[in-house]
């Protein structure tokens, strides 16, 4: 009788543990692949869309994106960084790019006299400006240099963060160094800016968990798979990977070397894959979120 009770208890605990994993995974479900059934594009793995020869709804399947120049009905049917414009998939153009008023699509700008421009030369958002520029007081200006004043991270270069009103180098301070933000610490070694104001080891990183309270005050318990939930840090969202600093440096150097003004597959084909591999290798959102993880991973092969 005791043996039966023990077996029942083991089965019960197993079911509870599995259900905990499934509960966390409800917000991170597996997605349908090419030719698998779907109702909406959100059912499909990114960047696939729901729709095929059968159309949407009944009998629809997840389909590969339509290439540049192909007929389309919506943006999500086109390849990433393209847009459906005048029923055709078009490459997004950015500020300063040459354009055709009837055939081109200028992202966050308009085609004026053959060039993507901001009407009145007044910007309202950073995405209207070229790479390494941001919108400040209505003008697109170069990003602030290290040590310069700033009010947010987007005012600084990719290798800098805005901390205490100054652009400072990211991810370099060693254990025990005084910090105001985890962006200053060696996050790819598993460090964060602790409650004591010093760079400290985040001991729970990627340890197994059942709920957020298992992961510390700035951590979250996240579904990695149906059988495994792990702790991640919310302040930066970094993974422990010694290759990440060199990936970031390689991307930054590539953009300078190639003189790219936009970080897109067409605007900077040599550098964009480095950036996407960096995103997958170094941040849990891009490695664990199952709707997009394979897309990001494809750039690391």
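Every residue gets a Cβ built from N, Cα and C, even glycine.
What Swiss-Prot lists as signal peptide is 1-21.
Per Swiss-Prot, N-linked glycosylation site is recorded for 19 (among others), and the stated evidence type is sequence analysis.
Taken from Swiss-Prot, the feature N-linked glycosylation site applies to 59 (among others), supported by sequence analysis. Residue density at residue 59 (N-linked glycosylation site): 10 other Cβ atoms are found within 10 A of its Cβ, drawing on all protein chains shown.
Sequence annotations record features per position, and here Swiss-Prot assigns N-linked glycosylation site to 102 (among others). Counting every protein chain shown, the number of other Cβ atoms lying within 10 Å of the Cβ of residue 102 (N-linked glycosylation site) is 7.
Residue 180 (N-linked glycosylation site) carries neither a helix nor a strand DSSP state and counts as coil. What Swiss-Prot lists as N-linked glycosylation site is 180 (among others), and the listing cites sequence analysis.
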Mind giving me a neighbour count for residue 180 (N-linked glycosylation site)? Other Cβ atoms within 10 Å of its Cβ, every protein chain shown. 12
Between residue 59 (N-linked glycosylation site) and residue 102 (N-linked glycosylation site): CA-CA distance (Å): 36
Would you kindly give the Cα-Cα distance separating residue 180 (N-linked glycosylation site) and residue 59 (N-linked glycosylation site), rounded to the nearest Å? 54
